[in-house]
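Novice: To start, I am sharing the structure in question, which I have written as structure tokens.
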Amino acid sequence: MRGGEELDGFEGEASSTSMISGASSPYQPTTEPVSQRRGLAGLRCDPDYLRGALGRLKVAQVILALIAFICIETIMECSPCEGLYFFEFVSCSAFVVTGVLLILFSLNLHMRIPQINWNLTDLVNTGLSTFFFFIASIVLAALNHRTGAEIAAVIFGFLATAAYAVSTFLAVQKWRVSLRQQSANDYIRARTESRDVDSRPEIQRLDT
């Protein structure tokens, strides 16, 4: 009996020791939320963005830039070729950059990178695409040889310019709204902090 009691006491001490060591050990089980470890598993398409004006315009921009690029790629002979090469570069760049932004916005991937001002990024992309598509279309219209592919590329180039111009106008409005909201939030935060300081005189005494 005494041996059994000593054995029970030893097991109790061992369990208590293990609990204490487990509590003080720096290697605790991770409590990281499951949502943060999913990576790209929780992706969902945002139909509201695709139904909105900005989403529809961005889809149209991708399609028009792609068609313009395909048209310019079907041209086999050119002289001079500088205008063709410039239009090819502009249409390809616009298609790639706008396509990436469309994927980010439609899947809400931009919400996972809040360090980037996405409204300003979209505004810069649409503004530059409008300008360069307009210049490239004018140059190609002036230097083309009136072939079917060149005429089609010029037409789709001007259509893409119009789509990017409208999107630029909407992006400017959205950017201004975001700036106003940020200014209002900063003002409210500053007023709240000043009220907290006024309601706690001990903070003022410490500051003085």
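Just so it is clear, glycine is given a Cβ too, placed from its N, Cα and C backbone atoms.
Okay, these came from TrEMBL:
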COMPBIAS  1-11  compositional bias 'Acidic residues'
REGION    1-38  region 'Disordered'
COMPBIAS  15-25  compositional bias 'Low complexity'
DOMAIN    49-176  domain 'MARVEL'
TRANSMEM  59-76  transmembrane segment
TRANSMEM  88-111  transmembrane segment
TRANSMEM  123-145  transmembrane segment
TRANSMEM  151-172  transmembrane segment
Novice: Give residue numbers and ranges for long-range contacts of the transmembrane segment (88-111): same chain, 6 or more residues beyond its ends, CB-CB under 8 A.
Specialist: 43-46, 49-50, 54-55, 58-59, 61-62, 65-66, 68-69, 72-73, 118, 121-122, 125, 129, 132-133, 135-136, 153, 157, 160, 164
Novice: Which sequence positions outside the transmembrane segment (123-145), separated from its termini by at least 6 residues, show Cβ-Cβ distances below 8 Å to it?
Specialist: 61, 65, 72, 78, 80, 82-84, 86-87, 90-91, 93-94, 97-98, 101, 151, 153-154, 157-158, 160-161, 164-165, 167-168, 171-172, 174-175
Novice: Report the DSSP secondary-structure composition of the domain 'MARVEL' (49-176) as helix, strand and coil residue counts.
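Specialist: The counts are 108 helix, 0 strand, 20 coil.
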